[in-house]
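These features come from Swiss-Prot:
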MOD_RES   Ser210  phosphoserine
MOD_RES   Ser214  phosphoserine
CROSSLNK  Lys221  SUMO1 cross-link
COMPBIAS  302-317  compositional bias 'Acidic residues'
COMPBIAS  328-337  compositional bias 'Pro residues'
MOD_RES   Lys353  N6-acetyllysine
MOD_RES   Tyr398  phosphotyrosine
MOD_RES   Ser412  phosphoserine
MOD_RES   Tyr503  phosphotyrosine
MOD_RES   Ser517  phosphoserine
MOD_RES   Thr558  phosphothreonine
REPEAT    562-656  repeat 'GTF2I-like 4'
MOD_RES   Ser668  phosphoserine
COMPBIAS  690-711  compositional bias 'Polar residues'
MOD_RES   Lys715  N6-acetyllysine
MOD_RES   Ser722  phosphoserine
MOD_RES   Ser823  phosphoserine
REPEAT    859-953  repeat 'GTF2I-like 6'
CROSSLNK  Lys991  SUMO1 cross-link
Amino acid sequence: MAQVVMSALPAEDEESSESRMVVTFLMSALESMCKELAKSKAEVACIAVYETDVFVVGTERGRAFVNTRKDFQKDFVKYCVEEEEKAAEMHKMKSTTQANRMSVDAVEIETLRKTVEDYFCFCYGKALGKSTVVPVPYEKMLRDQSAVVVQGLPEGVAFKHPEHYDLATLKWILENKAGISFIIKRPFLEPKKHLGGRVLAAEAERSMLSPSGSCGPIKVKTEPTEDSGISLEMAAVTVKEESEDPDYYQYNIQGPSETDGVDEKLPLSKALQGSHHSSEGNEGTEVEVPAEDSTQHVPSETSEDPEVEVTIEDDDYSPPTKRLKSTEPPPPPPVPEPANAGKRKVREFNFEKWNARITDLRKQVEELFERKYAQAIKAKGPVTIPYPLFQSHVEDLYVEGLPEGIPFRRPSTYGIPRLERILLAKERIRFVIKKHELLNSTREDLQLDKPASGVKEEWYARITKLRKMVDQLFCKKFAEALGSTEAKAVPYQKFEAHPNDLYVEGLPENIPFRSPSWYGIPRLEKIIQVGNRIKFVIKRPELLTHSTTEVTQPRTNTPVKEDWNVRITKLRKQVEEIFNLKFAQALGLTEAVKVPYPVFESNPEFLYVEGLPEGIPFRSPTWFGIPRLERIVRGSNKIKFVVKKPELVVSYLPPGMASKINTKALQSPKRPRSPGSNSKVPEIEVTVEGPNNSSPQTSAVRTPTQTNGSNVPFKPRGREFSFEAWNAKITDLKQKVENLFNEKCGEALGLKQAVKVPFALFESFPEDFYVEGLPEGVPFRRPSTFGIPRLEKILRNKAKIKFIIKKPEMFETAIKESTSSKSPPRKINSSPNVNTTASGVEDLNIIQVTIPDDDNERLSKVEKARQLREQVNDLFSRKFGEAIGMGFPVKVPYRKITINPGCVVVDGMPPGVSFKAPSYLEISSMRRILDSAEFIKFTVIRPFPGLVINNQLVDQNESEGPVIQESAEASQLEVPVTEEIKETDGSSQIKQEPDPTW
């Protein structure tokens, strides 16, 4: 801030306070300009005097010079005082005629206009994320009023240039300036596009409305989708980080996150950069968020990180880089302090508006590029751009005039900030084509770049080509090291197994040598750029000729490169053994006993664990990452199980172990372990009366959950977990979704009241009964089978949900049958035989399962659907096992295949049927898959973490068998708790939370 020195100037009255603020504001702007001049190595010193204040601004050296020469300041102040006195005397001598009064009013109104204009410039600069003054484009704002919204103007005052305001309006604006703010919705449209952009303008106007409320915190997860038409299933995504490359090519489109507002703030130009209150970064940089605290990164380039849950607090979207972060009035100094930047991270987010906005921006940039490219090749009208050619021949084909730090790529790979900056610089953009013959030489590249192809296809084509180029480069350099002129295949595994005797020099910094299939696009590009200096060093050529077994698993030869999946599997097994042994000691047993984790979680008062490392709760080892597992192993001596009520766990023990427990601790008499007389074995009753039955007994069934039941306070992933709160929340959400479905079903029938949905009918006849408007990736089924994220997504999307009933008569018949089946009261058979049996086990909770005869046909259809899912799952498991070289079916990691596109390709699927888990497939699709079973084939393009491919015979390395099986199991344990598993018993569906330990 400028230095202020108090002088002895005569004080003015309080009317000058407004002008004082304007002067302070302008001096701050002057100081920002001096900082920019200092970056150009120009030195500036400035002394300003206003009333009783002396301002000293300038560069660091300039201020130091002025502060040492106090005589300069005194002389300047003295001169200003004398001139002020002369002006006052002359003012007294002049007569106050009407003309003079009018001139005074003109000066005043001009001053106020200047003040308002400067404040508008300050607000506009603040909306752009800058601390400097930015000129307001009044003409563009008035022409395209939906691009920039001005809030806080006094009621009845429209936004326009200050020169069009009268004196009273100007004063009124200055009095209410504390609430004035600019919000930039999108870049300005060109005039010709603005005339036809009614839809976009209407959308932008809707986005101006502030939300009437905000929804509660939403835990979501993300899966990659395609191009700009993306419909992210969740709001955030977990991906790897390549911090060394600022222009990492990301085929996966992320919704704005908390880091977007910080990392994507780039200046419009260096001249207006100023001092930013947040660090500038690159929008392409991806952030890795581990599921456990301080979990290390997977060493491979293609690693998949554990999924994370992101909480989004609000439901309205405003551009991250343009939104006014604080609704509080600005402080008296108009320039915001950098210290406040950290407090302005709360933003409202609405994916639909964000998606519409980024789609429109990408379309504009795509049209701009095509128009500029057509001008370069002298073609008429827009022309499709061969992006791969521009990326492969950067010296002969390139683009000039792009904003600094933005590489030329397909617009679908840019985020909103870069798209806006490109549009602002559209006049300077120019395509340079030095070799026109390149545009017609490579037809393969043009075929790979079809306009209809999505981001995934483009990414796959690009990375495949780059890997091929790098592999050819390595083969050539490897042959040179061996004294050969012909390229030779590189034994990558041997280089990894013997890093001291076989290695490569000249690779870019922080890039290890390995097979090109492990590199991402940024590293591949860097390797190609330094291809001339790459050199293979072979100290022991004999290693290349011997086929040793030690290279069959190169990633596990050294501790540094040990496979992550094998390592975490071993640690989990070790911790599991520790827990089992400690649990047995607590029961007074000598042999290890498997811990019933759900029982501990459900009874934390009577069953808990002491001595765990600080911050680590007690739960199944499959929930822990490597850091926590290692901490538990190191502190295993302190761990102690406390069992206050052994009767809670006795039913979970093996039959031979129960009799060895000290019976004094039991509160109830010991009973035989036979199934018919053991009171400790609870039996569950389920009464199935119809497809929509929801009996009290069903709701009372306790299912094992993966929640925390330890008495040790902890905060998993930053929040303290409460099973009661979670259970209450999911129960409430399920009820809301069920009520919503019932209301929509009634609307489809033309009724005002809600109608209970016959889910079995919808599942059995999907062509005649179906639901439209559900969020992408969410199938229609009972609300009880959904987790919290999907329930919340359904409620957010409730306005679009619509039930389609093509055969109302069949629907009414099903409703009547369901009603008639529920009308008679349930009768419990009281035959003498039953009474005799019940008398022997009076304390058992035995309940009959009653199935009305009318529902048998419907239940058989549901059973057929479940059988189809099992058959499809078995088919996929068998095909996947064949693809990875196994002779037996292997559980398919559906989620990992989905979030690692390009790693595993599934061919032979029926037309119109995409590959996904069987639980998400329609009945008709599953039948078509089974009909095409012989054509379906899994192909592993490149491995991903958790996938172990056995290319050797099983008997060559028998020790790999258990590891592979465990890793296959471990790869499935990464699925979050919120994944729905639908269990169908008759027509009633009971959601079971996955329990990897039982």
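Placed from the backbone N, Cα and C atoms, the Cβ positions cover glycine too.
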Practice problem: In whole Å, note down how far the CA of Tyr503 (phosphotyrosine) lies from the CA of Ser722 (phosphoserine). | Solution: 52
Quiz prompt | Neighbouring C-beta atoms (10 Å sphere around the C-beta of Ser517 (phosphoserine)) | solution = 18
Quiz item: In this predicted model, what is the average pLDDT of the repeat 'GTF2I-like 6' (859-953)?
Solution: 82
Quiz item: Which of the modified residues Tyr398, Ser412, Ser517 has its Cα nearest to the Cα of Lys353 (N6-acetyllysine)?
Solution: Ser412
Exercise. Just give me the nearest neighbour of Tyr503 (phosphotyrosine) among the modified residues Tyr398, Ser412, Ser517, Cα to Cα.
Key: Ser517
Self-check item: Summary of DSSP states over the repeat 'GTF2I-like 4' (562-656), given as helix, strand and coil counts
Solution: 52 helix, 8 strand, 35 coil
Exercise. May I ask for the distance between Tyr398 (phosphotyrosine) and Ser412 (phosphoserine), taken between their Cα atoms and rounded to an integer number of Å?
Key: 18
Practice problem: Indicate the candidate from Ser412, Ser722 with the smallest number of other Cβ atoms within 10 Å of its Cβ, considering only these modified residues. | Solution: Ser722
Practice problem: Please report how many Å separate the Cα atom of Ser517 (phosphoserine) from that of Ser412 (phosphoserine), as a whole number. | Solution: 24
Exercise. Please work out the number of neighbouring Cβ atoms within 10 Å of the Cβ of Lys353 (N6-acetyllysine), leaving out its own Cβ.
Key: 19
Quiz item: If you run the three-state DSSP split on Tyr503 (phosphotyrosine), which class comes out?
Solution: strand
